[in-house]
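Reviewing the structure listed below.
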Amino acid sequence: MGTTILVLSKILTFLLTTMLIGSSVIQCSSVTYDKKAIVINGHRRILLSGSIHYPRSTPEMWEDLIKKAKDGGLDVIDTYVFWNGHEPSPGTYNFEGRYDLVRFIKTIQEVGLYVHLRIGPYVCAEWNFGGFPVWLKYVDGISFRTDNGPFKSAMQGFTEKIVQMMKEHRFFASQGGPIILSQIENEFEPDLKGLGPAGHSYVNWAAKMAVGLNTGVPWVMCKEDDAPDPIINTCNGFYCDYFTPNKPYKPTMWTEAWSGWFTEFGGTVPKRPVEDLAFGVARFIQKGGSYINYYMYHGGTNFGRTAGGPFITTSYDYDAPIDEYGLVQEPKYSHLKQLHQAIKQCEAALVSSDPHVTKLGNYEEAHVFTAGKGSCVAFLTNYHMNAPAKVVFNNRHYTLPAWSISILPDCRNVVFNTATVAAKTSHVQMVPSGSILYSVARYDEDIATYGNRGTITARGLLEQVNVTRDTTDYLWYTTSVDIKASESFLRGGKWPTLTVDSAGHAVHVFVNGHFYGSAFGTRENRKFSFSSQVNLRGGANKIALLSVAVGLPNVGPHFETWATGIVGSVVLHGLDEGNKDLSWQKWTYQAGLRGESMNLVSPTEDSSVDWIKGSLAKQNKQPLTWYKAYFDAPRGNEPLALDLKSMGKGQAWINGQSIGRYWMAFAKGDCGSCNYAGTYRQNKCQSGCGEPTQRWYHVPRSWLKPKGNLLVLFEELGGDISKVSVVKRSVN
């Protein structure tokens with residue numbers, strides 16, 4: 001009997017062991033750090049990480065994205081936590097769909113990677129309001145990100161909520177889960193100088209609060225040089241080989257190695273050559289760095305109204321190794337994969353010693369690491385931006401391309417050079433899907449009735465977000481002006497000029513129901529002015545200004561105080577009595593569009609809506625027009641997009657879900673040749689000059705049904721829906 005039990009016990013042990021080996025689920029129990037590296041279960045690790053933000057893709061995409069990240073050589077998935085997505089109103093929480101944080105982390109765990117959970121809860125990230133819920137702005141006495149009681153109370157409450165949720169699911173490494181790191185605050189250093197002692201006090205409070213949550217894993221602060229112990233301060237940037245942590249017993253970590261850059265409407269599309277990105281990573285490693293996170297590894301899509309900035313595009317592709325649609329971008333993906341393999345071959349030596357640096361020439365160096373049993377690793381570097389170099393190292397000859405590093409895991413043989421790219425460049429095409437739009441219909445916003453429903457009236461011009469609370473991009477400002485019958489312009493004289501000064505971001509101007517034009521700011525200059533001659537009549541004239549937000553700011557000192565909307569002046573010039581300032585007269589305000597209040601985007605919207613159908617629906621190209629059409633899901637499994645080049649500016653929905661803002665703003669910039677060598681900045685390698693910044697808009701296949709998918713567009717400027725199409729993204 002004893003023998004039988006022993007045999008059964010061995011069989012059970014074998015089966016359990018086999019299951020664990022076959023499973024890639026991460027199992028941790030101890031995460032600490034020392035001066036060299038993050039230490040997991042007693043072992044120093046070189047950790048390669050990539051940012052994937054769960055709301056910027058769909059749950060159906062997550063597993064494939066994470067598997068591609070693992071296959072690309074990553075150890076860790078990094079993500080922010082998006083407060084405004086999770087707590088849209090005080091005490092009301094959302095952890096469903098794209099905001100299902102638990103499902104996202106479980107997926108990472110099941111694939112077999114670690115997690116760096118950057119709780120913040122300020123995220124920046126080109127995300128609307130930097131991740132803060134707009135209601136937070138209206139808490140009595142609040143001031144963001146400083147030694148302020150109301151802010152600290154709200155921040156602590158949300159942070160505790162997330163930490164407790166992670167603990168309940170046993171997600172922290174100390175519980176056997178995948179979370180090995182957490183971040184409190186984010187990129188605070190740029191704002192610290194302006195805050196003085198209150199800023200330092202806030203940093204110390206945030207650190208103490210986070211550590212007191214007893215997660216059992218290290219906490220970091222990125223771009224915060226005075227992060228107090230035991231918090232690890234880390235680096236963000238295009239390069240971080242210059243960075244040293246604030247204490248000699250902390251590891252050297254790079255939380256954001258920028259793989260590219262974001263795009264803004266009206267701007268070019270930045271590209272970062274992979275040769276330079278790999279060079280930056282290898283430079284960091286050879287200087288003793290042990291943790292690198294690519295921001296972004298998959299950028300994804302700013303669905304809905306989540307894009308910040310303002311003026312950040314719906315696409316958040318970021319020139320990442322995995323593109324917006326979930327396809328690998330070559331040669332970036334494979335070249336970095338080969339870099340990761342080379343670094344991992346060197347791991348034992350890299351975490352065992354500091355580099356010994358030897359000059360090999362004016363621009364050339366050798367960084368040598370050694371470990372036990374004669375182990376030797378070398379990084380041979382050529383910093384020259386134009387010329388290759390021939391060097392001698394260990395009595396052997398090597399050729400180093402310009403601006404490159406060769407990695408020698410045995411101090412003899414080169415296994416990788418950052419500037420020598422073997423992978424072929426992806427050939428990306430947007431091809432017809434075969435799916436056509438049918439049952440096209442149109443609904444025109446009724447300008448004449450604005451001011452008659454759901455309005456407030458006040459003297460003077462009100463700040464936009466104070467009225468809308470960011471429930472909509474749109475706010476109507478309407479007023480009436482009386483014109484004397486004796487005005488000379490009514491008898492053939494020059495029309496008066498209307499000027500409107502706005503704090504951002506766009507405005508469409510109507511007088512007596514007639515459209516007189518639009519004006520826009522930019523991300524760099526949100527404020528702008530509109531000016532146009534207008535045809536007024538004797539008696540009462542109605543001025544209607546539709547102010548449009550294009551994402552709330554996500555970065556800058558106390559950006560919660562920045563104004564949006566028409567808060568400058570509104571003036572009529574050229575009247576017989578001179579100028580007439582309308583700014584302080586009675587104005588009526590209406591948040592949102594009629595189509596929004598009627599829920600025209602919903603597949604179950606009221607059938608009594610008077611849509612214009614048939615050929616007439618395609619003929620009107622006036623501003624403020626709703627379009628709807630239907631299409632069937634294209635065959636195959638290629639990613640899909642809407643081609644909106646024929647449209648102007650607005651928003652788009654598929655089956656009631658917003659795919660984001662669109663705008664055919666044409667890119668201005670210098671799109672000349674791009675040399676990988678030399679220091680990279682976001683304006684160095686530009687593409688897309690003379691084309692719309694974003695023409696195609698991602699349509700997740702999981703949002704579609706086989707037949708009868710509803711497309712709704714709200715067009716602000718005037719467009720041609722007959723030329724809108726559904727396309728497939730093809731990569732060869």
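Positions of Cβ are set from backbone N, Cα and C atoms, glycine also.
Taking Cβ-Cβ distances under 8 Å and a sequence gap of 6 or more within the same chain, the neighbours of GLU187 (active site, proton donor) are TYR122, CYS124, CYS222, LYS223, GLU224, ASN236, VAL555. Per Swiss-Prot, active site, proton donor is recorded for GLU187, and the stated evidence type is sequence analysis.
The active site, nucleophile feature in Swiss-Prot is assigned to GLU256. Reduced to three states, the DSSP call for GLU256 (active site, nucleophile) is strand. The local packing around GLU256 (active site, nucleophile), expressed as other Cβ atoms within 10 Å of its Cβ over all shown chains, amounts to 24.
Swiss-Prot lists ASN466 with the feature N-linked glycosylation site, giving sequence analysis as the kind of evidence. Mapped onto three states, the DSSP output places ASN466 (N-linked glycosylation site) in helix.
Swiss-Prot lists 1-23 with the feature signal peptide, giving sequence analysis as the kind of evidence.
A separation of roughly 34 Å, to the nearest angstrom, links the Cα atoms of ASN466 (N-linked glycosylation site) and GLU256 (active site, nucleophile). In the three-state DSSP scheme, GLU187 (active site, proton donor) is classed as coil.
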